[in-house]
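Asker: Have a look at this one.
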Amino acid sequence: MRFDIISCQPDLLESPFSHSILKRAQQKGLVEIHIHDLRKYAVNKHGQIDDYAFGGGAGMVMMIEPIDKCISELQAARTYDAIIYMTPDGQTLNQRIVNKFSLLENVIILCGHYKGVDERVRQHYVTHEISIGDYVLSGGELGAAVLADAIIRIIPGVLNDESSALTDSFQDGLLAPPVYTRPAEYKGMAVPDILMSGDTPKIEQWRFEQAIARTKQRRPDLLNEE
Ligand code: ADE
């Protein structure tokens with residue numbers, strides 16, 4: 001899967017993709033991440049990519065021309081399955097959306113800044129608008145990193161333990177059950193006996209019941225989702 005991330009703050013995106021699982025996914029050839037500095041497509045030699053809003057009001061608006069130039073250059077080289085705009089008024093990200101995106105081959109992620117992008121970009125270029133939650137970030141970069149991380153970790157071969165992404169919270173509509181590791185007892189705090197029993201079917205049943213109980217208690221809304 002190939003990600004092309006368009007940003008006017010490309011430095012913000014360097015670190016998240018240079019470590020651990022996301023770095024290994026690229027080294028294994030499972031993912032390509034290309035970060036594009038929008039200023040390279042500025043409308044003048046001063047590096048201008050934003051301007052005042054028509055009609056007045058505070059805050060700058062990202063101009064259509066640099067974004068068009070960047071997207072057009074990318075589209076001349078390959079076909080894109082999605083052009084995703086990161087914005088607080090987009091669809092709130094969840095595991096279902098992540099799973100769908102993970103099936104795509106080439107994806108552009110556009111990071112917003114300031115008061116956002118000229119509406120014509122959203123109308124004529126963007127195919128999906130995604131928010132990572134009901135709060136406002138100073139730019140779309142952190143959201144883009146969250147989105148890309150969630151997608152990349154479920155691409156087959158990225159995680160060493162293939163089954164581990166499948167047992168994540170949300171993957172089956174439930175929160176994950178509690179987990180324990182050694183020692184079996186620490187300062188009087190013991191691991192549930194069932195986990196030490198070696199009875200795999202019983203352990204699976206216990207985990208399922210714990211997942212249901214935890215979801216009921218913490219996120220009952222998930223149980224009502226289709
Ligand atoms: N840009 C600013 N806030 C955002 C959010 N909550 N999600 C995605 N992109 C954003």
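From the backbone N, Cα and C atoms, a Cβ is placed for every residue, glycine too.
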Asker: With Ile132, Gly133, Asp134, Tyr135, Val136, Leu137 listed by TrEMBL as S-adenosyl-L-methionine-binding, which of these, Gly112, Gly157, is given for the same site?
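Answerer: The candidate from Gly112, Gly157 that TrEMBL ties to S-adenosyl-L-methionine along with Ile132, Gly133, Asp134, Tyr135, Val136, Leu137 is Gly112.
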Asker: With every protein chain in view, what's the tally of Cβ atoms within 10 Å of the Cβ of Gly133 (S-adenosyl-L-methionine binding site), excluding that atom itself?
Answerer: 11
Asker: Which binding-site residues out of Gly133, Asp134, Val136 lie by ligand 1, going by a Cβ under 6 Å?
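Answerer: The binding-site residues passing the 6 Å Cβ test are Gly133, Val136.
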Asker: Give me the sequence-ordered set of same-chain residues, not including Gly112, Ile132, Gly133, Asp134, Tyr135, Val136, Leu137, with a C-beta within 8 angstroms of the centroid of the S-adenosyl-L-methionine site's C-beta atoms.
Answerer: Pro88, Ser131, Gly143
Asker: Average pLDDT across the domain 'tRNA methyltransferase TRMD/TRM10-type' (1-224)?
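Answerer: Looking only at the domain 'tRNA methyltransferase TRMD/TRM10-type' (1-224), pLDDT averages out to 96.
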